[in-house]
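Note sheet for the following structure.
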Amino acid sequence: MRLNMLIYLIVACCWGKSLSIPQQILNEFKSTLLPLFGLKEQPKIEGKVQVPEALKKIYNIQNNFEYDTASLPLPGLYTKSANTIRSFTHVESPIDEKFVHPHRFRLKFNISSIPRHEKLTAAEIKLTRETAKNTSHPFQRVLVHDILQPGVKGLHGPITRVIDSKVVDSRKNTTVSIDVFPAVARWMQDPKTNHGILIVVYSIGAKKSPPEKHLRLRRDTAPPQWYQHQPLLFTYTDDGKNQQRTGTELTKMRPKRQSSRRHRKNLKDPCRRRQMYVDFGSVGWNDWIVAPLGYDAYYCGGECEYPIPDHMNTTNHAIVQSLVNSMKPKEVPGPCCVPTQLGQMSMLYLGSDGSVILKNYKEMVVVGCGCR
């Protein structure tokens, strides 16, 4: 973490909430942190954006995760290298009116906000459903078509390929997840090929159509209810900034506590981790950052005098430097109190395009300090 960023973080965070922060400090704070978060500018939010419960759940899981890792703790479909999740809603258009049947519908998602350099590791569409009652044929097949080429009126229908197929029980109301990785990967390579996804639902063993309101494919309710039931596209990407770490590196280190306790009284202000809270609301970011509203970043401060106790998590070079400093204080400076381990921070925020992003950022929290 760069020194100038720490300086402005400390200045901004130590400012009382009742006091106004000078505009110059605000500008420095924003210009330093936005690139750190992978953003070119502050998102501009228009209208109400509903945060999916699935992202809230993953955010809470990540914050309570046993290990300190920037990879998202997701099993199965999602690879461990993914450190960013984005959710997208269907882009409504006049084409929607052409799909009059409730069990055949085209979903279109604008994923242009995903940076081209990020690696796609998985993509899924989640569909909510209501329990169907009094049905003699409860099982349905959900066919997912990638639209390779849209149809031409009077000539031919759309050219598609099936990329996923699911059999679901209409007596259950659990969320249905369909894999759309091949389609989204192609869209990222060539945005012009994004013609959407065609979803068709059939009843298995029955001539009549499936229950009309089982799978929720299109808007048919008031906005508050639709926000909770609308289809959502989730993309899982890796921006390449988080290297895979070993189990030893992921576990939080505990300082050694040996016979060095007797040396503590010799240090007037020993090297240790100190409080530093970053308040996003103080710089006006609470309109696009959903969570956290702020976080404990901490910093390292204090003296590293000779002899350096074992619990200071030092190095052999620092021990030698402190020894020489004790003999020649004017010629050689003493070791510095610096972070020896940094942890990740999860952030849930809104994009200017209406998307919701959950991203993990490494090296944002001081976990341990030492003399180096």
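From the backbone N, Cα and C atoms, a Cβ is placed for every residue, glycine too.
Noted in Swiss-Prot for the protein shown:
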type	residues	note
COMPBIAS	253-266	compositional bias 'Basic residues'
DISULFID	CYS271-CYS337	disulfide bond
DISULFID	CYS300-CYS369	disulfide bond
DISULFID	CYS304-CYS371	disulfide bond
CARBOHYD	ASN110	N-linked glycosylation site
CARBOHYD	ASN134	N-linked glycosylation site
CARBOHYD	ASN173	N-linked glycosylation site
CARBOHYD	ASN313	N-linked glycosylation site
REGION	237-267	region 'Disordered'
SIGNAL	1-20	signal peptide
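Overlay of Swiss-Prot feature records on the structure.
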residue	record	DSSP class
ASN110	N-linked glycosylation site	coil
CYS271	disulfide bond	coil
CYS300	disulfide bond	strand
ASN313	N-linked glycosylation site	coil
CYS337	disulfide bond	strand
CYS369	disulfide bond	strand
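It is CYS371 that, of the disulfide-bonded residues CYS337, CYS371, has its Cβ surrounded by the most other Cβ atoms within 10 Å. Checking each of the recorded positions ASN313, CYS369, CYS371 against CYS337 (disulfide bond) by C-alpha distance, the shortest gap belongs to CYS371. Of all the recorded positions given, namely CYS271, ASN313, CYS369, those whose Cα is no farther than the 10 Å limit from the Cα of CYS304 (disulfide bond) are CYS271.
A distance of 10 Å separates the Cα atom of CYS300 (disulfide bond) from that of CYS371 (disulfide bond). In this structure, ASN110 is the one among the glycosylation sites ASN110, ASN313 with the smallest number of other Cβ atoms inside 10 Å of its Cβ. Calculated from their C-alpha atoms, the gap between CYS271 (disulfide bond) and CYS371 (disulfide bond) amounts to 7 Å. When the recorded positions ASN313, CYS369, CYS371 are ranked by how far their Cα is from the Cα of ASN110 (N-linked glycosylation site), CYS369 comes first.
Fewest other C-beta atoms within 10 Å: among the disulfide-bonded residues CYS271, CYS300, CYS304, CYS369, that description fits CYS300. ASN313 (N-linked glycosylation site) and CYS369 (disulfide bond) are 7 Å apart (CA-CA, integer value).
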